[in-house]
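Q: Let me give you the structure first, and then I'll get to my questions.
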Amino acid sequence: MALRNLVTSKALVSSAGFRHQLRGLQTFTLPDLPYDYGALEPAISGDIMQLHHQKHHQTYVTNYNKALEQLDEAINKGDAPTVVKLQSAIKFNGGGHINHSIFWKNLAPAREGGGEPAKGSLGWAIDTHFGSLEALIQKMNAEGAALQGSGWVWLAVDKQFKRLVVETTANQDPLVTKGPNLAPLLGIDVWEHAYYLQYKNVKPDYLKNIWKVMNWKYASEVYEKECP
């Protein structure tokens, strides 16, 4: 089990990308948003975006860096119990950083194409695997609404079989924990901090409206890269 956790932590480190070095350790920084906090209104309020980005995502980055530093120290000391103990913090905070870094790119203001349906090869793949874009949205919304507690709902491509799949992950587990061949195209955060300030406890309304600012252009670019 410890070996499996260590492999997962390596995947978390490699998939997020390094930002800069601190005391010999490669650490991470909060990515800038490609739009203003209020640019996704009325689908997602500026207050939610600012809180979500500056507080929640920043906390994951801070705690991820801290856990990696502690891991480095434990490895250098040969402290195996601490190395194992740190795996959950690395998975949670590293996953939070990875997931949110994707989430910001999954969204775009309506004036910049947010909400425009997928076209090209991704649009064709959606029709092939789900019947229609509307059917895919209904499936993701249903699975997101049914997800108990906190987590994510994903549209992914299975690179091995060249097919689209819908997956859910609990807490801040990144999609890589569901399979190494899955590449995330779209991820919807269904933690309460992503919507409660605006939608209260009506998660289905949040899931309905987020599609109005979904960045299908970005998803298409990832799809074409993963399935050339």
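Even glycines carry a Cβ here, placed using N, Cα and C.
As listed in TrEMBL for this protein:
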| type | residues | note |
| --- | --- | --- |
| BINDING | His52, His100, Asp189, His193 | Mn(2+) binding site |
| DOMAIN | 27-108 | domain 'Manganese/iron superoxide dismutase N-terminal' |
| DOMAIN | 119-221 | domain 'Manganese/iron superoxide dismutase C-terminal' |
Q: Considering every residue in the domain 'Manganese/iron superoxide dismutase N-terminal' (27-108), what is the mean pLDDT value?
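A: That region's mean pLDDT is 97.
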Q: Count, for each of the binding-site residues His52, His193, the other C-beta atoms lying within 10 angstroms of its own C-beta, and report the residue with the smallest count.
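A: Among the binding-site residues His52, His193, the lowest count of other Cβ atoms within 10 Å belongs to His193.
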Q: Counting every protein chain present, what is the number of Cβ atoms, excluding its own, within 10 Å of the Cβ of His100 (Mn(2+) binding site)?
A: 24
Q: For the recorded Mn(2+) site formed by His52, His100, Asp189, His193, which further same-chain residues have Cβ atoms within 8 Å of the site's Cβ center?
A: His53, His56, His57, Phe103, Trp191, Ala194
Q: Could you give me the DSSP helix, strand and coil counts for the domain 'Manganese/iron superoxide dismutase N-terminal' (27-108)?
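A: Taking the domain 'Manganese/iron superoxide dismutase N-terminal' (27-108) as a whole: 61 helix, 2 strand, 19 coil.
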Q: Reported in the order helix, strand, coil, what are the DSSP residue counts of the domain 'Manganese/iron superoxide dismutase C-terminal' (119-221)?
A: 53 helix, 25 strand, 25 coil
